[in-house]
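Visitor: Before I ask anything, here is the structure I am working with.
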């Protein structure tokens, strides 16, 4: 096995091995059990609650949870608009970057509040250091929001009383302080040891060996990059994101950043099993997710290593594969692996330019976001998968002629309606927005960086990334226009909050239902058969909804290149 | 919703101070005790200070060329070409790079040119080239500098950084370090 493939296998295996015990730790946190960090962080959190006038002892039902969640998100939005639209004159702006326009600030703020981190600006010129630090704050709390919502769903499985689903503020804060913060600090130290900058001095300059004067953007990068991955946010400090040598200087940092983004989403799956004392269910979910993930990874790595046939025709040595948009230090294979990991997990950080990937790889990246549940983002992954579980329970119930039940709770018309709305929202947003963009070429055609089928893929990718709250892009798209800023912003809001409201509502409604003890007639949810059922539901929904659009983009491009 | 507004505003301010402020200060503090002091890896050569990880534009024939860059090695505005693989205009650019390379490297056959040397990186600041991409330039460098090709080839070999721990990832050569060493070669 060559060293590039070995690097991938090593990172993936290590991530899973460490995610299992960490899942146990996460379960302890949400169960309110004692852990070592209580000593340091306990008083800090108490201070937070005291200064905010919050009583975390009062537990909430699902409606109160959502009300608290939406309110605080709205506060972040308004504060974000203010900071970004005024950063030009606010302190910590050594590079003298301008304030953002209203529509760009709208897009940027929404995008960071909803954990997407789609960026229609470049970090070097688009934000001040204050702006960066504020966006970093959003990277913590938006990840915490998703995790808190997932925690409510997990708690609701276990609780018999629907009024006691924990306290939203406590779940959110503890997700940030106990889970995201410690991991980010460890990652930051590793990055610092490998030469990632952490300075406030603004641009540096040097004269190159050939005599050109070169300006070098720096900044507090080592604080920003860890939470960008740990919280599966993905917004880059620089325009080139984790392809930039200051964000990701070598193979060690590359492995650590890969680990950092996959670690918590996988750990959340195991946390569910530990919390509910149903470890087998975790393995079934993990199995389905992993099979889906590998089905996307293997063809992508293969197609990138094979390289661009149009360049091969020119008669040069293409044994390194498709190298356009990729960095030498990571290698072609790992960049291909990263591109799928980051789209599956909703991070959206990149270490190579997705726009320049081969058509079949672009297809896999989009499918990863269209599914959006193979691991998924911190919190959001569990929420999305929960919807697929509900659908699978219902369908299997119908197939064998039993009342569908999930863990002793009947699934009825109301829950199914919510689940269907959430499941269909994602394709609706992506396809409707792309169709709209295609029929209004006066707003979109001029922004495309590539002609033909690939140009269509750029649009499809942008809306897919928005709706999946992913944040990566076919970055050739000239997306800082009112059309893209506003249309993506609207897609972002709908695709973030409805998929949070839906699962939390279902979980709350189920929690208030009477518990039916398990019997011989109960459909078992922690078996391989049920796993296959979930997989089938996911495959059918994604394939049926997205296949026609994919045919117009990457599939057509693939066949046009033969 | 009303009863949540005040706590939400207060909690936002408190956590903002913590995650934007205190967290940043902690990491800034840790940076001061690390070897690079949070300033990136710096190399000094010939009285000049360079960043080891920020690639530079090398186009003169006496230096080993770095990879093409979509942003012309502008370290204040990183980025890739974002050209799709089937884009005819892009393919013409690659073809032109191949032709230019052949003009500057007489005696090299087309099949010896590795694809990474005629395609742009993602950041536009790639500090590295592959060992193959350096070796294919050895003849040109030797001729330009009146050095025996064997000596230049040895220099390339000694600058190869192998996979991490010999196990993980690709081999590469830092172009800046290679060219600094080349200037010192007698």
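Even glycines carry a Cβ here, placed using N, Cα and C.
As annotated in TrEMBL:
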- A:6-27: transmembrane segment (TRANSMEM)
- A:66-85: transmembrane segment (TRANSMEM)
- A:133-158: transmembrane segment (TRANSMEM)
- A:179-200: transmembrane segment (TRANSMEM)
- A:258-276: transmembrane segment (TRANSMEM)
- A:283-302: transmembrane segment (TRANSMEM)
- A:373-398: transmembrane segment (TRANSMEM)
- A:418-440: transmembrane segment (TRANSMEM)
- A:483-511: transmembrane segment (TRANSMEM)
- A:532-556: transmembrane segment (TRANSMEM)
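Show me how these features fit into the shown structure, please.
Guide: Panel annotation: around the transmembrane segment (A:6-27), residues 35, 179, 251, 255, 258-259, 262-264, 266-275, 282, 301, 331, 333-334, 337 of the same chain, lying at least six beyond its termini, place a Cβ under 8 Å from a Cβ of the stretch.
Tertiary proximity for the transmembrane segment (A:66-85) is limited to same-chain residues at least six positions away from its ends with a CB under 8 Å from its CB atoms, namely 60, 99-102, 104-106, 108-110, 112-113, 127, 130-131, 134, 138, 141-142, 145, 148-149, 168-169, 172, 497, 500-501, 504-505.
Long-range contacts of the transmembrane segment (A:179-200) within the same chain: residues 26, 29, 37, 41, 92, 94, 129, 140, 143-144, 147, 218-223, 225-227, 229-231, 246-247, 249-250, 252-253, 256-257, 260, 263-264, 378, each at least 6 residues beyond the stretch ends and with a Cβ under 8 Å from a Cβ of the stretch.
Long-range contacts of the transmembrane segment (A:283-302) within the same chain: residues 5, 8, 266, 269-270, 272-273, 333, 336-337, 339-341, 344, 357, 360-361, 364-365, 367-368, 371, 373-375, 385, 389, 525-528, 530-531, 534-535, 538, each at least 6 residues beyond the stretch ends and with a Cβ under 8 Å from a Cβ of the stretch.
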Visitor: Which residues of the same chain, at least 6 past either end of the transmembrane segment (A:418-440), have a Cβ under 8 Å from a Cβ in it?
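Guide: Cβ under 8 Å, 6 or more out: 370, 372, 387-388, 390-391, 394, 456, 459-460, 463-464, 466-468, 483, 487, 491, 494-495, 498-499, 502-503, 505-506, 541, 545-546, 549.
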